[in-house]
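Undergrad: Take this structure, written in structure tokens, and hold onto it; I'll ask about it next.
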Amino acid sequence: MLLKNGASCVGKTVMDELAYGITGENLHYGTPVNPELPSLVPGGSSSGSAVAVAAELVDFALGTDTIGGVRIPASFCDVLGFRPSHGIISSIGVLTNSQCLDTIGWLARDPSVLHRVGHILLQASPVGLKRMRRFIFADDCFQFLKVPKHKTMHVISKATETLSGYQTPKHMNISQYIASNVPSLKEFHEPSTKLQQGMTTLKALSTVMILLQRYEFKTNHEEWINTVKPRIGLDISTRVLAAVGSTHENVKSLYKFRMELRAALNSLLKDDGILVIPTTTDFPFNRNSKKKMPLELEDRLYALLSIAGMSGCCQVTVPLGKHDGLPISVSFISSHGADKFLLDTVLDIYSSLQEQISIASNSVPTPDTNGDMELSELLKEKGNAAFKGRQWNKAVNFYSEAIKINGTNATYYCNRAAAYLELGCFQQAEADCSQAILLDKKNVKAYLRRGTAREMLLCYKEAAQDFKHALVLEPQNKAALAAEKRLRKLTG
């Protein structure tokens, strides 16, 4: 279809073996070099496609996306990447990895090229009905992203202000929504953990995705793997062996969950909604590294990728400039079948986004100022009262006012962190505790609360270190002892 509409085929690109990796490395053909950061992996599975586009060797490239094969390398290589609604583009001729997750995606630097390719592959009509657009920020997902909000959510909000047809963006906790609207997810929650519901929901979501991929990969390729015994890279062979050696008693639950999640997201987004999440979290490690990707990094990555992966909704990766020299990207997710609407949105908003990215890259958040001590103490007490009354948002507001007046008091930051933890704002809680520790290195509560926040963010090693610090200061602290024991099991 693409060739008939004027495209030229330049060649084939390297990818992870069997499309079963996320780093883009390949034992047989080598790892394509990430043009943005040559020392780091390009991301996979469709690594060569992303690299070819980022290096300006081609205008666009095709790829496959099962659990992130287009979205991850698009994010790492700083290009646009589109994962269409599951099943909307024929996969005839593609070697199947997991038929319920596999999609044909594409990457481009220019939104008009991304749009043109999409209209050809989707066989979409050139003129569509003009709709209002509702952006919805998944605040809990942005807890995973260690990038200032003025470079992510703020950029998108500002971009929509200059355009017609966009409602004021809304904010929500997508984990809570999924937990309330996908009943079958309860079967996959990990027992006996103290993680708040939001984190266990996203972890369970990614667990279902991996189980489904393993089951279908085993069904498709077990005989070939056992007969041929192919030589494949260590990371891929670990995944393949886990799939081939897996047992599946609850297969029907996997498919039931998939149907329920799609219905829940379609109900939320309808035909005009766009869910905004980070595409990936921490940037990957060095290419050709002999170490495995840390478990907590994989967990956070899969948690984000599984929302569209398991629901089958369409998702586009959009670059938002850089932070500390590393590419930033977010993703827009629309309901299943709303692919043309999503492509039209990217084309419509892209130039406005570029303007806001330029402004954000040159702006610096304003620092807090010091002021009257008595007033700050009064505000702290009001915050404490609100906290005891379980009015978490009010408590945050009072503590924030106290901090504006006196930004050198560790207690104010530590107390606000406690309120943030209750709200599920783990990244803000972690930042507040870090500030409290800078101001008072013997603040036990700050170590305990930062440890809790980091555990929620799946940063298990860092969390364990915080609880150890707390135990140095208070050797018999029961909360720290219990947490250290729990994390020891998680990290092996």
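A Cβ is built for glycine as well, from the same backbone N, Cα and C atoms used for every other residue.
Sequence annotations record features per position, and here TrEMBL assigns domain 'Amidase' to 2-113, 217-343. The annotation repeat 'TPR' is assigned in TrEMBL to 376-409, 444-477.
Any idea what these are sitting next to in the structure?
TA: Taking H, G and I as helix, E and B as strand and the rest as coil, DSSP gives the domain 'Amidase' (2-113) the counts 24 helix, 17 strand, 71 coil.
The average per-residue pLDDT of the prediction over the domain 'Amidase' (217-343) is 92, rounded to a whole number.
Long-range Cβ contacts of the repeat 'TPR' (444-477) within its own chain (Cβ-Cβ under 8 Å, at least 6 residues beyond either end) map to 143-144, 194-196, 198-199, 203, 294-296, 299-300, 303, 410, 413-414, 417-418, 420-421, 424, 426-427, 429-430, 433-434, 436-437, 483-484, 487-488, 490-491.
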Undergrad: Pull the DSSP breakdown for the repeat 'TPR' (376-409) and write it out as helix, strand, coil residue counts.
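TA: Split by secondary structure, the repeat 'TPR' (376-409) comes out as 27 helix, 0 strand, 7 coil.
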